[in-house]
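Step one of this worksheet: look at the structure below.
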Amino acid sequence: MHIHSDLSLPQFEHASIDPPSYSPQKSSFEEKKHNFSITNKSLETLRSQESPCSTTFPVSDRKDALLNIPTVVDDEFQHTEELAGVSSWSDFFYLFHFSDIPLIFGTLIFTCLSAALEPLMTWTTGKVFDALSQYATSQITLGKMISLINFNSLLITIFGLASCVFSFGVRFLWQYLSAIAGKRARSLCFHVLSSKSSTFYSLTESKSGLVNSVDRCIQFYEKSISLPMFHIAENLAISLSCLIISFRYSWSLTLVVLASYPIIILVVGFINSFLSSAYEKDRKSSEKAASILEKSISAIQTVIFHSMQDTEYRYFADACSTSSKSFLRFSFLDAFQGGVSQFFLYSVFFQGLWFGNHLATTKRVNVGQVVTVFGSCLSVASSLQQILPAIPDLIKGKFSSHFIKTLCESHDPIEAAKRSAAKIKSISFERGFRFDNVSFAYPSRDENLFSLINVSVFIPFGELVHIIGPSGSGKSTFISLLLRYFSPTYGNIYLDDFPLEEIDEHVLGSTITLVCQQPVIFDMTIRENIIMRNENASESDFEEVCRLALVDEFALTFDQSYDTPCKEASLSGGQQQRIALARALLRDTEILILDEPTSALDPITKNLVMDAIRAHRKGKTTLVITHDMSQINNDELVLVIDKGHLIQRCARKELVLFEDFENNVSIDEKVLKEEADNPFILPNEESLLEKYWINYNESFSQLSRESLFTSLESPFTDIESPTIVSRRKIVEQRKLRMEKESFQETNVDQTFHLFDDKEHACSLTLIFKSIWKVKKLRWFFLLGLLTSLIQGASVPIFAYVISKCLNLFMQIDPSIGVAFWSSMVLVVAAGSGASYFFSHYIFSISAKIWCDHYRLLAVKVLFTQDQAWFDQIENYPLVLSKILVNNISDMRNMISSLIEEVFIAFTMAIIGIAWSFATGWRLAAVLVAVSPILCLTSRMFSYIYVSTERMCQDVVISTTSILHKTIVNLDTIKGYSVLSFFRENHKNSLRKSWEAFKRRAFWTSLGFAINNSLLYFVRALLFYCSSIFISKEFYTVEQMVQVLSLATFTLLMASTCIMSLPNVSASRIATSRVLKLSSLKPGNLHKSGYLKFPLVGKIEFDGVSFAYPDSERNHLALNNVSLSIEAREKVAIVGISGSGKSTLVELLRKTYPSEDIYIDGYPLTNIDTNWLLKKVAIVDQKPHLLGSTILESLLYGVDRDINSVMDALDKTYMTEVIQNLPNGLDTPLLEFSKNFSGGQIQRLAFARALLRNPRLLILDECTSALDSKSSLLLEKTIQNLSCTVLIITHQPSLMKLADRIIVMDSGIVKESGSFDELMNRHTHFWKLIHRGEWIE
């Protein structure tokens, strides 16, 4: 039975359309809203006939419609300037709601109350200086002066108590607001990204890069609220309060002093306009660096095997270099802005001194008023100076919030159309689904390259339907459209006569289940993986699906049975497929789609699983994409798709009548037919099988736990008395174990810990040592310290100058010395501004050199680690990229901001105290006496910050990892309809992070409040002591004013140090983790060995036993394995899933160390690893194609000319596919090679292996994703190879190709011999290769 689909289009190769003209039939167009036929007519005209169908969009329009967020293309930043320029400060409040107004209002009230203490302090300080001035001019007595100073000291003590309350409140509330914004941002981004269509992600260069960028922006946004917004709001409130007091005492003097402040505002605004583009470029290049690192670490075995560590390192280094250049540009502008602003902030006292002197001379103000105005304006200057370092972080927060808003509000027309059209809430499943002239082109590919062309087919419900066709023919595209991952470019799909786009998403999700060819196993227990979102399933249902999918065969051998934690790397491919199948069978939806569901299973398991599916799914719709024709019964419906066309729809028995298909796809049947002629098979065997064959008319659920399958009797069973052996007994006999049983006690929402609880962030001493070790950095760092020393010295010098200026007002003639000291104000202001610029920029250069050195060193060391290191859960690729990319800004801050600030503050304090000692040692001694208390509390504060910050970073990594896994595996997760499960896990992780953030906010706010209030108490003590020292004539008034000014500035710098502690703690943690990675010792395997010799290819295993490093105790993946493979021999390694086959490969490629393995008689441990790997090639079952283009991926690790490349493509039959691509070999390779089918990826990996000209070729299920025709062609290539070939396979055709077969089971070599020798009922191989069947 044929379905006509315009078979007169043989020139359409791989669905590449050469458009002539098109003229649709009017009646057809009028009857259906979207019904086109693509023929040899103009595609241009066809595209002009756009249908009003809401779900159809021109291919060329989708990219702009879907991706209006910035992207990196060929190292060029697209739309960066434009995007950065349109951001506004309203974006900053995007994540706050109307209901947050009371909280925000309360936070601002507390901020104002906390800020009011500073002008009150200034007011009391003015009162103290006024009392000193009146006493110096004999206006009051000594007792009156002491009384006034003591009273004001008491006021300051009260202010200190109030500061403890207000500081705690304001600090806690700002961090609380930050936590709210971060929680909402993560929740919203998860919802938005998980709701995006597959079309959106097909146009996204990297899912991992996007997730990293989102995480980075959320961190910047959170940070900008918790610290910069807090600093800015508080200092603005302080400035406003001080201005009010200043205006209250002398409005004219205040206006004169502040006359140059508008210039500061203009300078800051002008320079900020250039900061945006620098930040955006830094963000985009960091995103690219994170993608490169994640991809490399995820495919680390491929990278190491091809000796491409240096190349991947250079790719990462180039991206980091771009990021660093943007960072330096940002730092230069920020330093220039800060230097100019600092000059104007200090120079205001130039005109203030002249005018104040004039007012004092004319008796319009008194000394106390002048001191109050100067003190208030100085507080304003100091507050604005503290705002300057916060501006860069605030700007990053602004543009990060704009990115989040842009991402969350980006219009996805595909999803919008689906939501608007989704009206159908129920389906009866009475008819079936229908494709009506459906054509489709992926939006990420060339518009003329259609994957499906004019597909029209009807499939009734309740059928088992097989979809077959060559690799890349459009089978998976067919399924993607049915799952509504994409919408048809032209045509319509109907489900039960309802347009697919009108069916509610939840209804569709509860109707269809997808099992992918490469199943996704999540970090949870086996039971949780299977029951996912089916918590109400009974235990009997769970056990039944485990039995049907044969999960119990390996799960019941574990101590914890189904509750054994697992991760993807711990399971063989077949075991992963069985878990995925059990998960799908438990859901038991009306429609089940299986994409090569048994490609990684051995023949016995494959047949048993397929038979179980047939029985369990009887009466329900099951679509199976397969290349294995032996799995299709004669009466089952088959759809044949080739080059985007539906070629045939018929029963299997009709299909095999065609010569092409008979020759191409029936090799497995031929193998089985040959078994009938084998003299070792008893003639009554088939009748015996039929006798116990299951009756499909009976309910499959009635199968008992003791169901059996045929022909698996013990090897010792007598040939004359064949018996049927219980499958449970076989499980008990075999005690099947996984090849890599390295299960971790973990869950999806687990928290990552790079440090254990006993480890701490590295000390500042260790950090300084790491700085000094970088020779290139030393001079920059020393120069930065020198300029910081100058800047730090400028503050006490300025304090000294101000004290001299204040002393002028206590003279009989205040005008004496005004010209000199006002000029000194300008000199000090200019020096301070210049030193600020040079110090900040030089330290930024130092930070760039330091961070780049250690993170590049860390990456270089990572590429030398053994596989056992990467198997550890804390070395997950996302964690490593977050440490080495996302958190690098915190490490930069260690030098560019924090060391600079701390050193400046330290310099100021030392100079201030030394100067105070020189001027009057007694008061300085009081300050020194209380400094241990300040140091102790600061130390405790720092410890609290480090511990709470590490806890918060761990939960953030955990939350981000869930987002990362969800987005990377989004199609699979949607296929299982378990997105709600991951949303719930994400919510649970957010709850944990929320609790962690609240704990951090409480304890750090308490520590900050205590430290801040101590400064008030110390100042009160200094004032109290000053009155006593003056009364005892230890000081003159002039000396006391100078010492108090210096001491006050010293306390101000101590306050600056305390304010920087949060950033210091975060930076110490980030720095510690980078330094820890950079200090790792290289692995032993990659550089091991020294022998080089003319490799022939003979392999020997001599009693090899091996257990994976993290496996259960006493569990051996290989147990006393002895085997020999001759040079140029083709040997097939066969066995059930988990028997140890892949472990042999791991040891041969020196992934793990092992003794007693020999190549050409030389011990493997003594052979030079890099030299050996160049002589070996491997084609994995799930190959990784690395490189930016197809050509780069083929030449990955080798240097060959184009002729060799084309020859390799010819041998793997990929030439035609490549030639039909718009850019040929220069076609970009998308993330996860998603622009190729699984079979095409395997063939490209095979071509890459051939280009290495190997002496030893290892094929690990290299044809599992190939159709039978492609597989047969590759087998011819393999047959003609002259090197040693090691074939791991479950395919009988590949086994027949081998000169010899080695059969493994449970890590033991059972037997070896040729195919014909092993095909008798006495052998383990016969049981393995023979069709297993369920019986009662």
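Note: Cβ is positioned from N, Cα and C throughout, glycine not excepted.
For Gly469, Pro470, Ser471, Gly472, Ser473, Gly474, Lys475, Ser476, the entry in Swiss-Prot reads ATP 1 binding site, with the evidence type sequence analysis. What Swiss-Prot records for Gly1135, Ile1136, Ser1137, Gly1138, Ser1139, Gly1140, Lys1141, Ser1142 is ATP 2 binding site, and it gives sequence analysis as the kind of evidence. Here Swiss-Prot flags 433-668 as domain 'ABC transporter 1'. Sequence annotations record features per position, and here Swiss-Prot assigns domain 'ABC transporter 2' to 1099-1331 based on sequence analysis. The annotation N-linked glycosylation site is assigned in Swiss-Prot to Asn437, Asn454, Asn536, Asn664, Asn697, Asn1011, Asn1063, Asn1120, Asn1235, Asn1280 on the grounds of sequence analysis. The topological domain 'Cytoplasmic' annotation in Swiss-Prot covers 1-91, 175-250, 800-897.
Gly1138 (ATP 2 binding site) counts 29 other C-beta atoms within 10 Å of its own C-beta, drawing on all protein chains shown. Over the domain 'ABC transporter 2' (1099-1331), the average per-residue pLDDT in this prediction is 84. The closest partner of Ser473 (ATP 1 binding site) among the recorded positions, by CA position, is Asn1235; the full candidate set was Gly1135, Asn1235, Asn1280. With respect to Asn1235 (N-linked glycosylation site), the closest of these recorded positions in Cα terms is Gly472, chosen from Pro470, Gly472, Asn1011. Of all Cβ atoms in the protein chains displayed, 8 besides its own lie within 10 Å of the Cβ of Asn1280 (N-linked glycosylation site). Counted over every protein chain shown, other Cβ atoms within 10 Å are most numerous around Gly474 among the binding-site residues Pro470, Gly474. The two recorded residues, Gly472 (ATP 1 binding site) and Asn454 (N-linked glycosylation site), show a Cα separation of 17 Å. Mapped onto three states, the DSSP output places Gly1135 (ATP 2 binding site) in strand. The two recorded residues, Asn1280 (N-linked glycosylation site) and Ser1139 (ATP 2 binding site), show a Cα separation of 29 Å.
Residue counts for the topological domain 'Cytoplasmic' (175-250) under DSSP, split into helix (H, G, I), strand (E, B) and coil, are 69 helix, 0 strand, 7 coil. Asn1235 (N-linked glycosylation site) counts 19 other C-beta atoms within 10 Å of its own C-beta, drawing on all protein chains shown. When the Cα atoms are compared, Lys1141 (ATP 2 binding site) and Asn1120 (N-linked glycosylation site) turn out to be 14 Å apart.
The Cα of Asn536 (N-linked glycosylation site) lies closest to that of Ile1136, out of the binding-site residues Gly474, Ile1136, Ser1142. Cβ contacts within 10 Å of Asn1120 (N-linked glycosylation site), excluding its own Cβ and spanning all protein chains shown: 14.
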